[in-house]
Amino acid sequence: MAKKPKKLEEISKKFGAEREKALNDALKLIEKDFGKGSIMRLGERAEQKVQVMSSGSLALDIALGSGGYPKGRIIEIYGPESSGKTTVALHAVAQAQKEGGIAAFIDAEHALDPAYAAALGVNIDELLLSQPDSGEQGLEIAGKLIDSGAVDLVVVDSVAALVPRAEIDGDIGDSHVGLQARMMSQAMRKLGASINKTKTIAIFINQLREKVGVMFGNPETTPGGRALKFYASVRLDVRGNTQIKGTGDQKETNVGKETKIKVVKNKVAPPFKEAVVEIMYGEGISKTGELLKIASDLDIIKKAGAWYSYKDEKIGQGSENAKKYLAEHPEIFDEIDKQVRSKFGLIDGEEVSEQDTENKKDEPKKEEAVNEEVPLDLGDELEIEIEE
């Protein structure tokens, strides 16, 4: 390969230096006009990894791939009626409050049950609640909360109930073609950048509708147009499967239902993973149940016949007794939970190893305390029993 003439190399270097200077001048001008951080090289970003907040369900965190809901993104949860959509969202609210954050609930359906929310772990005294009169009002309230930067999670329940003002003021039977879709499209354009900037998680619950005249393919669709589908980083399809029967006196009573949550869209991890959870009536997602199942599959909790054991210690005969043990021993629950998350790469293994190291450090201290030599005072009286 022929070398470039020396003169041509000098011209190339000079031209490259001029381009670099022009680029730096443009970057400085952009930052001056729009603020620091408005443009930067990707490698200069302080945080490359997407920050997440746990969904409140171990199985769902694993299915999401990143360990929870990504911060600064839009999440859509949809499914049939009574499938558990609001329950999944309320667990996210409880988790946000548990981590010290502030959560808001835009109840467009006017159907939130405070007692049920409290049973799921939501601090209803600290929960911000709005029951808007129209779709525009609900989205404006959500926008102001997000723009404040003080709210960590905003839940809108539901998109289908965000009725445009023109439809409310009109008569029943009036045609309002595409009105709600235009409202949602405008809201997504307006809220998208603000959500990302403030690192707020915005969860939109949606219902299902069926397209008329569809002979082939899936006739199901979600109301509110296509904007939400495009702007959402994660979309969850929630479906109730089989009913769960009780035990003992309640063996003929339905005490919950097995629910399948499918990640149909995921921009931060591989999509199409599924989580199967048990939603118990009046309690929400059974955290002990999902941990017991996943830990047993990973052989962290051993199962022999009907008995479950952890670290060679039996924790219960039958799944119900094992769940009860985990509920009564939160330190064991947290220890197993960390091991499971470490196995799936949701947390660094250092946390688990540090805990094991601390436990090992404590063991010799206990032995030293037991084997510690006590100096003998010759003035003491000793009683010696001699066996005949």
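Using N, Cα and C of the backbone, Cβ positions are placed for all residues, glycine too.
As written in Swiss-Prot, here are the features:
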| type | residues | note |
| --- | --- | --- |
| BINDING | Gly79, Pro80, Glu81, Ser82, Ser83, Gly84, Lys85, Thr86 | ATP binding site |
| REGION | 347-388 | region 'Disordered' |
| COMPBIAS | 357-369 | compositional bias 'Basic and acidic residues' |
| COMPBIAS | 370-388 | compositional bias 'Acidic residues' |
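Apart from Gly79, Pro80, Glu81, Ser82, Ser83, Gly84, Lys85, Thr86, the residues listed for ATP, the same chain places the Cβ atoms of Val238, Gly240 within 8 Å of the centroid of those Cβ atoms. Neighbour counts of Cβ atoms within 10 Å were compared across the binding-site residues Ser82, Ser83, Thr86; the minimum falls on Ser82. In three-state terms derived from DSSP, Thr86 (ATP binding site) belongs to a helical segment.
Note on the binding-site residues Glu81, Lys85: the fewest other CB atoms within 10 A surround the CB of Glu81.
Cβ environment of Pro80 (ATP binding site): Leu208, Arg239, Gly240 lie under 8 Å away, each six or more residues apart in the same chain. On its own chain, Gly79 (ATP binding site) has Lys85, Leu208, Asp237, Val238, Arg239 as residues at least 6 apart in sequence with a Cβ closer than 8 Å to its own Cβ. Of all Cβ atoms in the shown protein chains, 24 besides its own fall within 10 Å of the Cβ of Gly84 (ATP binding site).
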